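Heads up: the structure comes next, in C-alpha cells.
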Amino acid sequence: MTMPTDTEAALGLDDYRALAARQQPTWPDAEALGRVTARLAAAPPLVVPSEMDQLTARLAAAGRGEAFLLQGGDCAETFAEAQADRIRNKIRTLLQMAVVLTHGASMPVVKMGRMAGQYAKPRSTDTETRDGVTLPAYRGDMVNAHAFTREDRVPDPERLVAGYEISAATLAVVRAFTAGGGADLRRVHEWNRGFTRNPAYARYERTAREIDRAIRFMAACGADFDALQSVEMFVSHEALLLDYERALTRVDTRSGRAYDTSGHFLWIGERTRQLDGAHVDFLARVANPIGVKLGPTTSPDDALALMDRLNPAGTPGRLTFITRMGAAQIRTALPPLVAAVHAHGAPVTWVTDPMHGNTITSASGYKTRRFDDVLDEVRGFFEVHHAEGSVPGGLHVELTGDDVTEVLGGSEEIDDDGLALRYETLVDPRLNHQQSLEMAFQVAEMLQRR
Ligand SMILES: O=C[C@H](O)[C@H](O)COP(=O)(O)O
Ligand SMILES: C=C(OP(=O)(O)O)C(=O)O
Ligand SMILES: [Mn+2]
C-alpha cells in the first residue's frame, strides 16, 4: 500500500481497512499484493470525474421518470473474451435494446455496460469440490482462473493489473465504437443479425425501418443529424475487490472530492451491503454515482440506513437501488421498501435486476433462469411502482451479444436439452442476443403503459 496523502486521510479513504470486508480473496502473499496496488495507484484513471458527474445527472433524470437506465453485460467478463468482436456484439446488443426502448417509449435511454471491469465475483461458497478434490472457488478473472487445478485457483494479485489493462482495452473499444460513428442511429439496420424469421429480429427490423423513415423525413425537413454520430455510453461493475477500487481512487483537484476511476458507476452487491461493513464505508466516500443491490430480505430500515450512509446530502442520481427480489417475491417484498423510501423523502433511482432472484438448477444440472420468470419480475417491478406512485427507473440484466443457450425459454424456446448446445458462462446464465431484444420489446411496452 502507498502512503495516503493528507487529503486522502482527511477523506477517510482507508477507514474501510479497519472494517469487515466480506467476499475478499485470500491472497497468499501480502507483499505481492502491496506491490501490485502501488502500481495501480500510480496508473492513469480509466474514467474521469466529469463523466461520472454527467452520469449522476442522467441517473437523476431516470429517477424522476425523464429517462430510463439500461444496464447490461456479462455476469462475469473474462479476459479471454475481451476481443473486439465479442465486445462489439455486446455494445450492439445494448444499442439495439436502447433503440427499441427509446422508440417504443419515446424516452431517452441511459446506456451502461456491465463492462470494462466486471471481473470479480462474490460466491455462495468459498470452495468447490469435484470428484473428492476441494479447491478455492472461482472468484472472477481478476482473482483466479476458472480451470479446476490448484495452480489456477490460487488467487494471484497480478490479475488485478491484468484486469486494469484489459478494462482499459475494453473501454477503448467502447469509446471508439460509440464515438466513431459505429453507434450512429442511421446504421440501425446494420446492428441486426440472424434470420428475420426469428420474431425478435423481424420485429427489430420493422422498428429500424420506422426509425429510418422518421430520420429521412426529418432530414428532408432540414434537420441536422450529425449529433447522432456519437452516443453516450457508460461502464460499470460491482465494486467488490476493495484493494483494487481503493488503488484506482483519485482525489479530483478541482472539487477536492474522491472518485473511484475504475468505472463510471459502481455497485455494492447483495452479499456485501452490511451497514458496518467495509464496502459501504468505502463507497460512501467516493463521489461516483453508486448502486446497491437489494434482495428479498432487505428491511425498510436497511434501505433507509443505506440512504443516510451513502447519500446523506440527498443528491439526485447519486444512489440507485437495484432490486433483485425474484418473480415470486417482488410484489410483496418491494412495496414496503418503496413506501419507506418515499416517506424518507431523499431521491433514489429504482432499477430492477430480474436475474439474480430467479436462478434455478435445470434437471440436467445447469445453473439457469426461465425467461418467463425474468420477465415476470420486471412486470412486478412496474406494477409495484405504478401502485406506489414511484418511478421504475431502469433495467439491469446479465446478457451477451452472442447466441449462447443459457436461459430457458424465449421465442426460440430453449429447453433443458437446448442448454447444452452453447452454455458458456463461467458463473451466471445470460440472456442471449435474441432474448435480450425480446426483453427490450416487452419492457418498451411496459414503459409505454407507465
Ligand atoms: O453473480 C452473482 C453471484 O456472484 C453468483 O450468482 C454466485 O454464484 P454461486 O451461488 O454459484 O456462488
Ligand atoms: C453478484 C451479483 O448480484 P447480487 O449481488 O445481486 O447477487 C451480480 O450482479 O452479478
Ligand atoms: Mn450474476
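Don't overthink the numbers, they just go from 1 along the chain as shown.
Quick reminder: no glycine exception, Cβ is built from N, Cα and C everywhere.
Owing to the predicted nature of the structure, the values given are computational and were not obtained by experimental measurement.
The record from TrEMBL ties His356, Glu398, Asp428 to Mn(2+), and of the options Cys75, Cys221 it ties Cys75 to that site too. Per TrEMBL, phosphoenolpyruvate is bound by Arg114, Glu270, Arg271, Lys293; the candidate from Arg150, Arg324, Arg331 named for the same site is Arg324.
Same-chain neighbours of the Mn(2+) site beyond Cys75, His356, Glu398, Asp428, judged by a C-beta within 8 angstroms of the site's C-beta center, are, in sequence order, Met355, Thr359, Val427, Pro429, Arg430. For the phosphoenolpyruvate site, whose annotated binding residues are Arg114, Glu270, Arg271, Lys293, Arg324, the maximal Cα to Cα separation is 18 Å. When the binding-site residues Arg114, Glu270, Lys293 are compared by Cα distance to Cys75 (Mn(2+) binding site), the shortest distance belongs to Arg114.
Across the structure, Asp428 (Mn(2+) binding site) and Arg324 (phosphoenolpyruvate binding site) are spaced 14 Å apart at their Cα atoms. If you count neighbouring Cβ atoms within 10 Å for each of the binding-site residues Arg114, Arg271, Lys293, the highest count belongs to Arg114. Using CA atoms as reference points, the binding-site residues Arg114, Glu270, Arg271 were checked against Glu398 (Mn(2+) binding site), and the closest is Arg114.
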